[in-house]
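Right, one structure below, let's go through it.
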Amino acid sequence: MSSIRFDSTKQYYTTSSLVVGYALCSSLLAVINKFAITKFNFPGLLTALQYLTSALGVWVLGKLGFLHHDAFTWETAKKFLPAATVFYLAIFTNTNLLRHANVDTFIVFRSLTPLLVAIADTAFRKQPCPSRLTFLSLLVILGGAIGYVATDSGFTLTAYSWAFAYLVTITTEMVYIKHMVTNLGLNTWGFVLYNNLLSLMMAPLFWIITGEYVEVFAALGSSTGTWFESGAFFAVSLSCVFGLLISFFGFAARKAVSATAFTVTGVVNKFLTVAINVLIWDKHASPLGLVCLLFTIVGGVLYQQSVTGAGSTPSQRESTSKQTDSENDDHDYEEDSQGEGIPGKLASV
């Protein structure tokens, strides 16, 4: 009896630690990435370092036996390249959005993705039209976003151009990646490895296209550049480490708790991100803008309730519970992690 009690206590603390670890990583990562791009103003190089950390971390942990990932083959890489390209563009636009706007603006546009995904699913994937509750939740999200934009004193054409570019790429990714990964049959860590390794290979091309390599070489040749500042080194290292940590904690927490508990954790994470962002510095929205931001988050909660509450009868829910939990689990994790600029993210599995 005592051994059973010890095992249950141990399981409780293990699960609690995983959930707390995921909540901290998820809520802090958007702020950390904003801090990193503020201190280290090279978005292309910053994301490349994050890709390197995540890909190398997965490979090393796989060699040590802590996780299992699909072996890297060029044949699979060629098939996965379109998905990796969309992923790279989503992270690239996300980083540039954080470069030119505050974290609150990022969260608002991130919260708009269910609206566009619902439209894309209905138009291109022939999915049923949203239910009334889903449609209402999408209207709440849209209303909060419009209110935020109307009250944003930090509005700039550059920032919102990146915001719309991010919205398009992340929506495309969320619709397309599910199809691609399902067809390829990659496991979670295989997805992380392929995504980050292929993105790392594409990084130099974007350095040349954007001209960032000129700034990087200029900073390398100047001892007074941000390249050599300890604050920049700390910020970049922190963002890379957290990018890898959220892969671990997100995957482990998703397996340890139910889809509903994971969804609640994701919602709490968004509120924590807003609170942390308001407390640590002045790079945040006005009070009225924050109210509109909270409306978009509430709309996201209603949306999640509407899509997880599907099922007309208890017997139908019981017969499809395993499938529904799996689909919602993947969707929930994708909702929380994809928009935070996390190169080590886990998407549709």
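Cβ atoms here come from the backbone N, Cα and C positions, even for glycine.
Noted in TrEMBL for the protein shown:
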| type | residues | note |
| --- | --- | --- |
| TRANSMEM | 12-36 | transmembrane segment |
| DOMAIN | 24-303 | domain 'Sugar phosphate transporter' |
| TRANSMEM | 48-68 | transmembrane segment |
| TRANSMEM | 80-99 | transmembrane segment |
| TRANSMEM | 133-151 | transmembrane segment |
| TRANSMEM | 157-177 | transmembrane segment |
| TRANSMEM | 189-210 | transmembrane segment |
| TRANSMEM | 230-252 | transmembrane segment |
| TRANSMEM | 259-280 | transmembrane segment |
| TRANSMEM | 286-303 | transmembrane segment |
| REGION | 307-349 | region 'Disordered' |
| COMPBIAS | 307-323 | compositional bias 'Polar residues' |
| COMPBIAS | 326-338 | compositional bias 'Acidic residues' |
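Mean pLDDT of the predicted structure over the domain 'Sugar phosphate transporter' (24-303): 80. Note on the transmembrane segment (133-151): residues 104-105, 108-109, 111-112, 114-115, 118, 160, 285-286, 288-289, 291-303, 305-307, 309 of its chain, located 6 or more positions outside it, place their CB under 8 angstroms from a CB of the stretch. Tertiary neighbourhood of the transmembrane segment (48-68): same-chain residues 187, 189, 192-193, 196-197, 199-200, 203, 207, 236, 239-241, 243-244, 247, 341, 343-344, selected by CB-CB distance under 8 Å and a gap of 6+ residues from either end.
Residues of the same chain lying 6 or more positions beyond the ends of the transmembrane segment (286-303) and with a Cβ under 8 Å from any Cβ of it are 104, 107-108, 111-112, 114, 133-134, 136-145, 147-148, 151-153, 267, 270-271, 274, 278, 335.
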